[in-house]
Amino acid sequence: MGIREFPGGAPRGKSIAVGMRRSPDVSPRRLSDISPQLRQLKYLVVDEAIKEDLKWSRSVEDLSSGPLGLTSIEERILRITGYYGYQPWAASYKREERPRDSPGPAEAQAPAGAEAGGRTSHPCWRCSRAQLKKMFWGVAVVLCVCSSWAGSTQLAKLTFRKFDAPFTLTWFATNWNVLFFPLYYVGHICKSTEKQSVKQRYRECCRFFGDNGLTLKVFFTKAAPFGVLWTLTNYLYLHAIKKVNTTDVSVLFCCNKAFVFLLSWIVLRDRFMGVRIVAAILAIAGIVMMTYADGFHSHSVIGIALVVGSASMSALYKVLFKLLLGSAKFGEAALFLSILGVFNILFITCIPVILYFTKVEYWSSFDDIPWGNLCGFSVLLLTFNIVLNFGIAVTYPTLMSVGIVFSVPVNAVVDHYTSKIVFNGVRVIAIIIIGLGFLLLLLPEEWDVWLVKLLTRLKVRKKEEPAEGGADPGSGAQSKARRARPSFAR
(Lines of atoms letter the chains of each structure in order from A and count residues from 1; the text may use other names and numbers.)
(Lines give C-alpha, C1' and ligand atoms only; values in the text may rest on other atoms or scores of the structure.)
Protein backbone atom coordinates (compact mmCIF):
# COMPACT_ATOMS: atom_id res chain seq x y z
CA MET A 1 0.00 0.00 0.00
CA GLY A 2 1.08 3.53 -0.59
CA ILE A 3 0.62 6.66 -2.73
CA ARG A 4 0.49 5.90 -6.42
CA GLU A 5 1.22 8.36 -9.18
CA PHE A 6 -0.53 8.80 -12.50
CA PRO A 7 1.50 8.57 -15.67
CA GLY A 8 1.82 12.36 -15.49
CA GLY A 9 3.88 11.96 -12.34
CA ALA A 10 1.92 14.05 -9.81
CA PRO A 11 0.50 12.20 -6.82
CA ARG A 12 -3.26 12.33 -6.56
CA GLY A 13 -4.55 12.17 -2.98
CA LYS A 14 -4.51 9.13 -0.74
CA SER A 15 -4.82 5.82 -2.50
CA ILE A 16 -5.25 2.22 -1.55
CA ALA A 17 -3.75 -0.52 -3.60
CA VAL A 18 -5.93 -3.56 -3.75
CA GLY A 19 -4.36 -6.46 -5.56
CA MET A 20 -6.33 -8.46 -8.04
CA ARG A 21 -5.39 -11.84 -9.37
CA ARG A 22 -6.85 -13.73 -12.24
CA SER A 23 -7.74 -17.33 -11.92
CA PRO A 24 -5.50 -19.59 -14.04
CA ASP A 25 -8.44 -21.83 -14.84
CA VAL A 26 -10.67 -19.15 -16.36
CA SER A 27 -9.73 -17.10 -19.38
CA PRO A 28 -10.77 -13.50 -18.48
CA ARG A 29 -12.36 -11.03 -20.84
CA ARG A 30 -10.66 -7.78 -21.80
CA LEU A 31 -11.30 -4.69 -19.71
CA SER A 32 -9.93 -2.16 -22.14
CA ASP A 33 -13.31 -0.47 -22.33
CA ILE A 34 -13.40 0.39 -18.64
CA SER A 35 -9.72 0.42 -17.72
CA PRO A 36 -9.59 4.24 -17.19
CA GLN A 37 -12.53 4.06 -14.81
CA LEU A 38 -10.99 1.19 -12.89
CA ARG A 39 -7.70 3.08 -12.64
CA GLN A 40 -9.50 6.07 -11.13
CA LEU A 41 -11.43 3.77 -8.80
CA LYS A 42 -8.22 2.87 -7.04
CA TYR A 43 -7.73 6.51 -6.09
CA LEU A 44 -11.32 7.06 -5.10
CA VAL A 45 -11.86 8.74 -1.75
CA VAL A 46 -15.45 8.56 -0.52
CA ASP A 47 -16.52 11.51 1.59
CA GLU A 48 -17.92 10.63 5.03
CA ALA A 49 -20.90 12.93 4.51
CA ILE A 50 -21.87 10.99 1.39
CA LYS A 51 -21.67 7.77 3.36
CA GLU A 52 -23.92 9.21 6.02
CA ASP A 53 -26.48 10.48 3.52
CA LEU A 54 -26.58 7.20 1.66
CA LYS A 55 -25.99 4.81 4.54
CA TRP A 56 -29.02 2.72 3.62
CA SER A 57 -27.74 2.25 0.10
CA ARG A 58 -26.34 -1.22 -0.33
CA SER A 59 -23.52 -0.09 -2.57
CA VAL A 60 -22.31 2.45 -0.02
CA GLU A 61 -22.56 -0.08 2.80
CA ASP A 62 -20.22 -2.29 0.82
CA LEU A 63 -17.59 0.48 0.86
CA SER A 64 -16.61 -0.56 4.37
CA SER A 65 -17.32 -4.26 4.07
CA GLY A 66 -14.31 -5.35 2.05
CA PRO A 67 -10.63 -5.08 2.94
CA LEU A 68 -9.45 -1.51 2.62
CA GLY A 69 -12.94 -0.36 1.66
CA LEU A 70 -13.08 -0.65 -2.17
CA THR A 71 -13.02 -4.33 -2.93
CA SER A 72 -16.79 -4.76 -2.99
CA ILE A 73 -17.25 -2.00 -5.60
CA GLU A 74 -14.50 -3.48 -7.80
CA GLU A 75 -15.96 -6.94 -7.42
CA ARG A 76 -19.40 -5.68 -8.42
CA ILE A 77 -18.12 -3.79 -11.49
CA LEU A 78 -15.96 -6.69 -12.60
CA ARG A 79 -18.79 -9.14 -12.13
CA ILE A 80 -21.19 -6.96 -14.18
CA THR A 81 -18.66 -6.53 -17.00
CA GLY A 82 -18.00 -10.25 -17.17
CA TYR A 83 -14.59 -10.47 -15.52
CA TYR A 84 -15.37 -13.82 -13.85
CA GLY A 85 -11.79 -14.68 -13.07
CA TYR A 86 -11.51 -12.01 -10.41
CA GLN A 87 -10.86 -13.38 -6.92
CA PRO A 88 -11.24 -10.66 -4.30
CA TRP A 89 -9.94 -12.81 -1.45
CA ALA A 90 -6.61 -13.54 -3.15
CA ALA A 91 -4.90 -10.18 -2.72
CA SER A 92 -1.45 -9.80 -4.17
CA TYR A 93 -0.12 -7.51 -1.50
CA LYS A 94 2.05 -9.23 1.04
CA ARG A 95 0.86 -10.22 4.48
CA GLU A 96 3.58 -8.27 6.24
CA GLU A 97 2.61 -5.06 4.42
CA ARG A 98 -0.91 -5.05 5.86
CA PRO A 99 -1.63 -3.02 8.96
CA ARG A 100 -2.23 -5.08 12.06
CA ASP A 101 -5.59 -3.54 12.86
CA SER A 102 -7.12 -4.20 9.45
CA PRO A 103 -8.98 -7.50 8.99
CA GLY A 104 -7.73 -10.10 6.58
CA PRO A 105 -9.34 -10.47 3.15
CA ALA A 106 -11.09 -13.71 4.02
CA GLU A 107 -12.53 -12.21 7.20
CA ALA A 108 -13.71 -9.00 5.56
CA GLN A 109 -15.10 -10.58 2.41
CA ALA A 110 -16.91 -13.45 4.14
CA PRO A 111 -20.62 -13.31 3.37
CA ALA A 112 -23.33 -13.17 6.02
CA GLY A 113 -24.10 -16.87 5.75
CA ALA A 114 -20.53 -17.90 6.49
CA GLU A 115 -20.34 -15.42 9.35
CA ALA A 116 -23.50 -16.70 10.98
CA GLY A 117 -22.84 -20.38 10.53
CA GLY A 118 -19.09 -20.73 10.92
CA ARG A 119 -18.15 -18.93 14.12
CA THR A 120 -16.23 -21.64 15.87
CA SER A 121 -13.36 -19.59 17.23
CA HIS A 122 -11.49 -20.54 20.39
CA PRO A 123 -12.81 -17.65 22.56
CA CYS A 124 -16.41 -18.69 21.80
CA TRP A 125 -15.51 -22.27 22.79
CA ARG A 126 -14.08 -20.97 26.04
CA CYS A 127 -17.23 -18.98 26.68
CA SER A 128 -19.42 -21.99 26.01
CA ARG A 129 -17.29 -24.15 28.28
CA ALA A 130 -17.61 -21.57 31.05
CA GLN A 131 -21.38 -21.48 30.60
CA LEU A 132 -21.59 -25.27 30.65
CA LYS A 133 -19.51 -25.34 33.81
CA LYS A 134 -21.78 -22.76 35.42
CA MET A 135 -24.85 -24.74 34.40
CA PHE A 136 -23.31 -27.92 35.82
CA TRP A 137 -22.69 -26.17 39.12
CA GLY A 138 -26.21 -24.79 38.89
CA VAL A 139 -27.67 -28.30 38.74
CA ALA A 140 -25.53 -29.31 41.73
CA VAL A 141 -26.66 -26.23 43.68
CA VAL A 142 -30.34 -26.86 42.82
CA LEU A 143 -30.07 -30.44 44.08
CA CYS A 144 -28.26 -29.30 47.22
CA VAL A 145 -30.83 -26.57 48.00
CA CYS A 146 -33.75 -28.88 47.31
CA SER A 147 -32.41 -31.79 49.37
CA SER A 148 -31.24 -29.69 52.32
CA TRP A 149 -34.48 -27.67 52.57
CA ALA A 150 -36.79 -30.67 52.13
CA GLY A 151 -34.61 -32.80 54.38
CA SER A 152 -34.57 -30.25 57.20
CA THR A 153 -38.36 -29.87 56.96
CA GLN A 154 -38.97 -33.61 57.12
CA LEU A 155 -36.43 -34.09 59.91
CA ALA A 156 -38.06 -31.33 61.95
CA LYS A 157 -41.43 -33.07 61.54
CA LEU A 158 -39.84 -36.32 62.73
CA THR A 159 -38.14 -34.59 65.69
CA PHE A 160 -41.40 -33.18 67.05
CA ARG A 161 -42.72 -36.72 67.60
CA LYS A 162 -40.24 -37.11 70.46
CA PHE A 163 -39.19 -33.54 71.22
CA ASP A 164 -42.08 -31.07 71.17
CA ALA A 165 -40.05 -27.85 71.53
CA PRO A 166 -39.99 -25.74 68.34
CA PHE A 167 -38.41 -22.66 69.94
CA THR A 168 -35.66 -24.70 71.57
CA LEU A 169 -35.00 -26.37 68.21
CA THR A 170 -34.83 -22.93 66.59
CA TRP A 171 -32.39 -21.69 69.22
CA PHE A 172 -30.21 -24.81 68.92
CA ALA A 173 -30.04 -24.59 65.11
CA THR A 174 -29.33 -20.84 65.10
CA ASN A 175 -26.31 -21.35 67.36
CA TRP A 176 -24.65 -23.17 64.48
CA ASN A 177 -24.50 -19.87 62.56
CA VAL A 178 -21.32 -19.13 64.50
CA LEU A 179 -19.57 -21.52 62.08
CA PHE A 180 -20.22 -19.31 59.05
CA PHE A 181 -17.15 -17.09 59.33
CA PRO A 182 -14.71 -19.91 60.29
CA LEU A 183 -15.89 -21.95 57.30
CA TYR A 184 -15.54 -18.92 55.05
CA TYR A 185 -12.00 -18.30 56.32
CA VAL A 186 -11.04 -21.91 55.59
CA GLY A 187 -12.27 -21.43 52.02
CA HIS A 188 -10.36 -18.14 51.82
CA ILE A 189 -7.12 -19.86 52.88
CA CYS A 190 -7.61 -22.69 50.36
CA LYS A 191 -8.59 -20.55 47.38
CA SER A 192 -7.17 -17.06 47.72
CA THR A 193 -3.66 -16.24 46.49
CA GLU A 194 -3.21 -13.40 48.98
CA LYS A 195 -3.71 -15.14 52.29
CA GLN A 196 -4.57 -12.98 55.29
CA SER A 197 -4.61 -13.73 58.98
CA VAL A 198 -7.91 -14.17 60.81
CA LYS A 199 -7.51 -10.74 62.43
CA GLN A 200 -6.79 -9.00 59.12
CA ARG A 201 -9.70 -10.69 57.39
CA TYR A 202 -12.01 -9.89 60.29
CA ARG A 203 -11.07 -6.20 60.22
CA GLU A 204 -11.57 -6.02 56.47
CA CYS A 205 -15.02 -7.60 56.72
CA CYS A 206 -15.95 -5.29 59.60
CA ARG A 207 -15.79 -2.34 57.22
CA PHE A 208 -19.20 -3.49 56.06
CA PHE A 209 -20.66 -1.93 59.23
CA GLY A 210 -18.97 1.45 58.74
CA ASP A 211 -15.68 3.22 59.26
CA ASN A 212 -15.61 2.35 62.97
CA GLY A 213 -16.22 -1.34 62.34
CA LEU A 214 -18.32 -3.52 64.63
CA THR A 215 -18.94 -1.42 67.72
CA LEU A 216 -21.41 -2.07 70.53
CA LYS A 217 -23.81 0.49 69.09
CA VAL A 218 -23.64 -1.11 65.64
CA PHE A 219 -24.21 -4.52 67.20
CA PHE A 220 -27.47 -3.49 68.85
CA THR A 221 -28.76 -1.25 66.05
CA LYS A 222 -27.79 -3.23 62.94
CA ALA A 223 -27.33 -6.83 64.07
CA ALA A 224 -29.79 -7.38 66.92
CA PRO A 225 -32.98 -6.57 64.91
CA PHE A 226 -31.98 -9.08 62.24
CA GLY A 227 -31.27 -11.66 64.94
CA VAL A 228 -34.83 -11.25 66.20
CA LEU A 229 -36.27 -11.53 62.66
CA TRP A 230 -34.13 -14.62 61.99
CA THR A 231 -35.42 -16.32 65.15
CA LEU A 232 -39.05 -15.42 64.43
CA THR A 233 -38.80 -16.70 60.84
CA ASN A 234 -37.50 -20.10 61.87
CA TYR A 235 -39.71 -20.46 64.94
CA LEU A 236 -42.94 -19.69 63.07
CA TYR A 237 -41.92 -22.10 60.29
CA LEU A 238 -41.16 -24.92 62.74
CA HIS A 239 -44.27 -24.27 64.80
CA ALA A 240 -46.36 -24.46 61.62
CA ILE A 241 -44.94 -27.92 60.88
CA LYS A 242 -46.64 -29.13 64.06
CA LYS A 243 -50.03 -27.93 62.78
CA VAL A 244 -50.07 -28.82 59.07
CA ASN A 245 -48.23 -31.17 56.75
CA THR A 246 -44.81 -30.35 55.32
CA THR A 247 -46.12 -30.00 51.74
CA ASP A 248 -48.41 -27.14 52.66
CA VAL A 249 -45.72 -25.51 54.80
CA SER A 250 -43.07 -25.64 52.06
CA VAL A 251 -45.37 -24.36 49.30
CA LEU A 252 -46.79 -21.53 51.43
CA PHE A 253 -43.31 -20.41 52.43
CA CYS A 254 -42.63 -19.80 48.71
CA CYS A 255 -44.96 -16.80 49.04
CA ASN A 256 -42.11 -14.90 50.73
CA LYS A 257 -40.86 -14.02 47.23
CA ALA A 258 -44.12 -12.17 46.54
CA PHE A 259 -43.91 -10.41 49.91
CA VAL A 260 -40.35 -9.33 49.13
CA PHE A 261 -41.53 -7.73 45.89
CA LEU A 262 -44.41 -5.90 47.57
CA LEU A 263 -42.21 -4.58 50.38
CA SER A 264 -39.45 -3.60 47.95
CA TRP A 265 -41.96 -1.75 45.80
CA ILE A 266 -43.34 0.14 48.82
CA VAL A 267 -40.21 0.67 50.94
CA LEU A 268 -37.32 0.61 48.48
CA ARG A 269 -39.24 2.19 45.57
CA ASP A 270 -38.21 -0.62 43.24
CA ARG A 271 -39.37 -0.70 39.66
CA PHE A 272 -43.04 -1.52 39.18
CA MET A 273 -43.61 -4.68 37.15
CA GLY A 274 -47.06 -5.84 36.19
CA VAL A 275 -46.04 -9.48 35.96
CA ARG A 276 -44.87 -9.42 39.58
CA ILE A 277 -48.15 -7.90 40.71
CA VAL A 278 -49.85 -10.82 38.96
CA ALA A 279 -47.49 -13.20 40.78
CA ALA A 280 -48.35 -11.61 44.13
CA ILE A 281 -52.07 -11.99 43.38
CA LEU A 282 -51.51 -15.65 42.50
CA ALA A 283 -49.66 -16.18 45.78
CA ILE A 284 -52.51 -14.67 47.80
CA ALA A 285 -55.06 -16.72 45.85
CA GLY A 286 -53.04 -19.85 46.52
CA ILE A 287 -53.01 -19.13 50.26
CA VAL A 288 -56.79 -18.79 50.28
CA MET A 289 -57.26 -21.98 48.27
CA MET A 290 -54.86 -23.87 50.51
CA THR A 291 -56.92 -22.84 53.52
CA TYR A 292 -60.10 -23.90 51.75
CA ALA A 293 -58.60 -27.30 50.90
CA ASP A 294 -58.82 -28.37 54.57
CA GLY A 295 -62.27 -26.87 55.11
CA PHE A 296 -61.22 -23.83 57.16
CA HIS A 297 -60.61 -25.87 60.31
CA SER A 298 -59.04 -23.94 63.17
CA HIS A 299 -56.06 -26.30 63.29
CA SER A 300 -55.14 -25.78 59.65
CA VAL A 301 -55.96 -22.06 59.67
CA ILE A 302 -53.54 -21.49 62.55
CA GLY A 303 -50.85 -23.50 60.80
CA ILE A 304 -51.28 -21.60 57.52
CA ALA A 305 -51.24 -18.29 59.41
CA LEU A 306 -47.96 -19.32 61.06
CA VAL A 307 -46.38 -20.14 57.68
CA VAL A 308 -47.54 -16.85 56.17
CA GLY A 309 -46.12 -15.05 59.20
CA SER A 310 -42.80 -16.85 58.73
CA ALA A 311 -42.72 -15.86 55.04
CA SER A 312 -43.52 -12.27 56.01
CA MET A 313 -40.67 -12.18 58.56
CA SER A 314 -38.30 -13.58 55.96
CA ALA A 315 -39.35 -10.91 53.45
CA LEU A 316 -38.99 -8.17 56.06
CA TYR A 317 -35.50 -9.45 56.91
CA LYS A 318 -34.38 -9.27 53.27
CA VAL A 319 -35.87 -5.84 52.57
CA LEU A 320 -34.51 -4.26 55.76
CA PHE A 321 -31.09 -5.74 55.09
CA LYS A 322 -31.03 -4.10 51.68
CA LEU A 323 -32.37 -0.83 53.11
CA LEU A 324 -30.03 -0.54 56.10
CA LEU A 325 -26.91 -2.44 55.06
CA GLY A 326 -27.09 -2.68 51.27
CA SER A 327 -25.30 -5.57 49.55
CA ALA A 328 -22.62 -7.64 51.24
CA LYS A 329 -19.65 -9.56 49.88
CA PHE A 330 -19.06 -13.18 50.79
CA GLY A 331 -16.82 -12.47 53.76
CA GLU A 332 -19.10 -9.73 55.03
CA ALA A 333 -22.17 -11.96 54.75
CA ALA A 334 -20.37 -14.77 56.58
CA LEU A 335 -19.34 -12.41 59.38
CA PHE A 336 -22.86 -11.03 59.67
CA LEU A 337 -24.43 -14.49 59.96
CA SER A 338 -21.85 -15.47 62.57
CA ILE A 339 -22.74 -12.34 64.52
CA LEU A 340 -26.38 -13.45 64.45
CA GLY A 341 -25.27 -16.73 66.01
CA VAL A 342 -23.39 -14.85 68.73
CA PHE A 343 -26.45 -12.68 69.39
CA ASN A 344 -28.56 -15.83 69.66
CA ILE A 345 -26.21 -17.35 72.24
CA LEU A 346 -25.94 -14.19 74.34
CA PHE A 347 -29.51 -12.89 74.33
CA ILE A 348 -31.89 -15.65 73.20
CA THR A 349 -30.60 -18.46 75.43
CA CYS A 350 -32.71 -17.25 78.33
CA ILE A 351 -35.98 -17.84 76.43
CA PRO A 352 -35.68 -21.67 76.05
CA VAL A 353 -34.72 -21.83 79.72
CA ILE A 354 -37.85 -19.87 80.70
CA LEU A 355 -40.03 -22.03 78.45
CA TYR A 356 -38.58 -25.16 80.07
CA PHE A 357 -39.23 -24.13 83.65
CA THR A 358 -42.69 -22.83 82.83
CA LYS A 359 -43.32 -26.22 81.15
CA VAL A 360 -44.38 -24.61 77.85
CA GLU A 361 -41.65 -26.62 76.14
CA TYR A 362 -40.87 -29.37 78.61
CA TRP A 363 -39.04 -32.67 78.28
CA SER A 364 -38.62 -35.21 81.01
CA SER A 365 -34.85 -35.77 80.85
CA PHE A 366 -31.92 -34.81 78.69
CA ASP A 367 -31.39 -38.45 77.81
CA ASP A 368 -34.71 -38.50 75.97
CA ILE A 369 -33.67 -35.66 73.64
CA PRO A 370 -33.08 -36.99 70.09
CA TRP A 371 -29.67 -35.39 69.66
CA GLY A 372 -29.17 -37.06 66.31
CA ASN A 373 -32.29 -35.44 64.89
CA LEU A 374 -31.41 -32.06 66.39
CA CYS A 375 -27.86 -32.11 65.01
CA GLY A 376 -29.05 -33.46 61.64
CA PHE A 377 -31.63 -30.69 61.34
CA SER A 378 -29.05 -28.06 62.29
CA VAL A 379 -26.51 -29.35 59.77
CA LEU A 380 -29.07 -29.42 56.96
CA LEU A 381 -30.29 -25.92 57.80
CA LEU A 382 -26.70 -24.66 57.95
CA THR A 383 -25.98 -26.29 54.56
CA PHE A 384 -29.09 -24.70 53.08
CA ASN A 385 -28.08 -21.22 54.26
CA ILE A 386 -24.47 -21.65 53.11
CA VAL A 387 -25.51 -22.69 49.60
CA LEU A 388 -28.18 -20.00 49.43
CA ASN A 389 -25.75 -17.23 50.45
CA PHE A 390 -22.60 -18.36 48.66
CA GLY A 391 -23.93 -20.38 45.72
CA ILE A 392 -23.99 -17.23 43.60
CA ALA A 393 -20.21 -17.56 43.31
CA VAL A 394 -20.53 -20.62 41.06
CA THR A 395 -23.93 -20.34 39.37
CA TYR A 396 -26.93 -18.13 38.65
CA PRO A 397 -29.11 -16.84 41.54
CA THR A 398 -32.29 -17.91 39.75
CA LEU A 399 -31.26 -21.56 39.85
CA MET A 400 -30.88 -21.41 43.62
CA SER A 401 -34.43 -20.13 43.96
CA VAL A 402 -35.67 -22.91 41.69
CA GLY A 403 -34.27 -25.40 44.20
CA ILE A 404 -36.75 -24.13 46.82
CA VAL A 405 -39.64 -24.78 44.40
CA PHE A 406 -38.39 -28.29 43.70
CA SER A 407 -38.55 -29.08 47.43
CA VAL A 408 -42.36 -28.90 47.24
CA PRO A 409 -42.85 -32.06 45.10
CA VAL A 410 -40.20 -33.84 47.20
CA ASN A 411 -42.14 -33.09 50.38
CA ALA A 412 -45.37 -34.08 48.62
CA VAL A 413 -43.96 -37.51 47.72
CA VAL A 414 -42.69 -38.07 51.27
CA ASP A 415 -46.01 -36.96 52.79
CA HIS A 416 -47.91 -39.25 50.45
CA TYR A 417 -46.14 -42.29 51.91
CA THR A 418 -45.70 -41.16 55.53
CA SER A 419 -48.85 -39.20 56.41
CA LYS A 420 -52.57 -39.05 55.70
CA ILE A 421 -52.46 -36.03 53.38
CA VAL A 422 -55.25 -35.85 50.79
CA PHE A 423 -54.27 -34.31 47.47
CA ASN A 424 -57.69 -33.11 46.37
CA GLY A 425 -58.24 -30.86 43.38
CA VAL A 426 -58.23 -27.64 45.41
CA ARG A 427 -54.90 -28.42 47.09
CA VAL A 428 -53.24 -29.36 43.80
CA ILE A 429 -54.50 -26.18 42.10
CA ALA A 430 -53.29 -24.09 45.05
CA ILE A 431 -49.82 -25.67 44.84
CA ILE A 432 -49.65 -25.04 41.08
CA ILE A 433 -50.81 -21.41 41.45
CA ILE A 434 -48.27 -20.60 44.16
CA GLY A 435 -45.49 -22.33 42.21
CA LEU A 436 -46.42 -20.42 39.05
CA GLY A 437 -46.41 -17.14 40.96
CA PHE A 438 -42.99 -17.96 42.39
CA LEU A 439 -41.59 -18.69 38.93
CA LEU A 440 -43.05 -15.44 37.55
CA LEU A 441 -41.20 -13.55 40.26
CA LEU A 442 -37.94 -15.03 39.00
CA LEU A 443 -38.29 -13.28 35.63
CA PRO A 444 -35.64 -10.56 35.14
CA GLU A 445 -36.62 -6.93 34.89
CA GLU A 446 -35.85 -6.81 31.15
CA TRP A 447 -37.83 -9.92 30.31
CA ASP A 448 -40.34 -8.00 28.17
CA VAL A 449 -37.55 -6.42 26.08
CA TRP A 450 -35.95 -9.83 25.53
CA LEU A 451 -39.31 -11.31 24.55
CA VAL A 452 -39.92 -8.55 21.98
CA LYS A 453 -36.44 -9.09 20.52
CA LEU A 454 -37.01 -12.84 20.30
CA LEU A 455 -40.35 -12.41 18.54
CA THR A 456 -38.81 -9.89 16.14
CA ARG A 457 -36.01 -12.30 15.24
CA LEU A 458 -38.49 -15.10 14.65
CA LYS A 459 -40.54 -12.86 12.33
CA VAL A 460 -37.43 -11.85 10.40
CA ARG A 461 -36.41 -15.48 9.96
CA LYS A 462 -39.86 -16.41 8.70
CA LYS A 463 -39.68 -13.62 6.15
CA GLU A 464 -36.16 -14.62 5.05
CA GLU A 465 -37.01 -18.29 4.52
CA PRO A 466 -39.64 -17.70 1.77
CA ALA A 467 -37.34 -15.15 0.14
CA GLU A 468 -34.49 -17.66 0.00
CA GLY A 469 -36.82 -20.39 -1.25
CA GLY A 470 -38.10 -18.21 -4.11
CA ALA A 471 -34.67 -16.99 -5.21
CA ASP A 472 -33.29 -17.68 -8.71
CA PRO A 473 -31.51 -21.07 -8.87
CA GLY A 474 -28.67 -19.56 -10.91
CA SER A 475 -28.09 -16.76 -8.43
CA GLY A 476 -28.30 -19.31 -5.60
CA ALA A 477 -25.57 -21.40 -7.20
CA GLN A 478 -23.37 -18.33 -7.67
CA SER A 479 -23.92 -17.23 -4.07
CA LYS A 480 -23.04 -20.73 -2.84
CA ALA A 481 -19.88 -20.63 -4.93
CA ARG A 482 -18.96 -17.26 -3.46
CA ARG A 483 -19.66 -18.58 0.03
CA ALA A 484 -17.41 -21.58 -0.51
CA ARG A 485 -14.44 -19.55 -1.79
CA PRO A 486 -13.24 -17.93 1.45
CA SER A 487 -12.83 -21.35 3.08
CA PHE A 488 -9.78 -21.98 0.81
CA ALA A 489 -7.98 -18.85 1.98
CA ARG A 490 -4.92 -19.30 4.14
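The backbone N, Cα and C atoms fix where each Cβ goes, and this holds for glycine too.
The region 'Disordered' annotation in TrEMBL covers 1-31 (among others).
The compositional bias 'Basic and acidic residues' annotation in TrEMBL covers 22-31.
According to TrEMBL, the feature region 'Disordered' maps to 95-122 (among others).
Feature annotation from TrEMBL assigns compositional bias 'Low complexity' to 103-118.
Look at TrEMBL and you will find 135-156 (among others) tagged as transmembrane segment.
The feature domain 'EamA' is assigned by TrEMBL to 137-291.
The transmembrane segment annotation in TrEMBL covers 168-187 (among others).
Long-range contacts of the transmembrane segment (208-230) within the same chain, counting only residues at least 6 positions beyond its ends with a Cβ under 8 Å from a Cβ of the stretch, are 174, 313, 316-317, 320-321, 324-325, 328-329, 332, 335-336, 339-340, 343-344, 347-348. Sequence annotations record features per position, and here TrEMBL assigns transmembrane segment to 208-230 (among others).
Taken from TrEMBL, the feature transmembrane segment covers 250-268 (among others).
As annotated by TrEMBL, transmembrane segment applies to 275-293 (among others). Residues 248, 251-252, 254-255, 257-259, 261-262, 300-301, 304, 308, 424, 426-427, 429-431, 433-434, 436-438, 440-441, 443, 447 of the same chain lie 6 or more positions beyond the ends of the transmembrane segment (275-293) yet place their CB under 8 Å from a CB of it.
Cβ atoms under 8 Å from those of the transmembrane segment (299-321) belong to residues 225-226, 229-230, 232-234, 236-237, 239-240, 242-244, 248-249, 252-257, 259-260, 262-264, 267-268, 287, 290-291 of the same chain, restricted to positions at least 6 beyond its ends. Annotation source TrEMBL lists transmembrane segment at 299-321 (among others).
Through the fold, the transmembrane segment (333-357) approaches residues 165, 167-168, 171, 174-184, 202, 205-206, 208, 214, 219, 223-224, 226-227, 230-231, 325, 363, 385, 389-390 of its own chain, all at least 6 residues removed from its boundaries and within a Cβ separation under 8 Å. Residues or ranges marked as transmembrane segment in TrEMBL: 333-357 (among others).
Annotation comment: TrEMBL describes 394-414 (among others) as transmembrane segment. Counting only same-chain residues 6+ beyond the ends of the transmembrane segment (394-414), those with a CB under 8 A from a CB of the stretch are 134-135, 137-139, 141-147, 149-150, 153-154, 246-247, 249-251, 253-254, 257, 387-388, 421, 423, 431, 435, 438-439, 442.
Non-local neighbours of the transmembrane segment (426-443) in the same chain are 247-248, 251-252, 254-255, 257-258, 261, 275-276, 278-283, 285-287, 289-290, 292-293, 398, 401-402, 404-405, 408, 412; each lies 6+ residues outside the stretch with a CB under 8 Å from one of its CB atoms. TrEMBL lists 426-443 (among others) with the feature transmembrane segment.
Sequence annotations record features per position, and here TrEMBL assigns region 'Disordered' to 463-490 (among others).
Annotation comment: TrEMBL describes 480-490 as compositional bias 'Basic residues'.
Confidence for the domain 'EamA' (137-291), expressed as mean pLDDT, is 89. Residues 156, 159, 198, 201-202, 205, 230-231, 234-235, 238, 330-331, 334-335, 337-338, 340-342, 344-345, 348-349, 351-352, 355-356, 361, 374, 377-379, 381-382, 385-386, 390 of the same chain sit 6 or more residues outside the transmembrane segment (168-187) yet have a Cβ under 8 Å from a Cβ within it.
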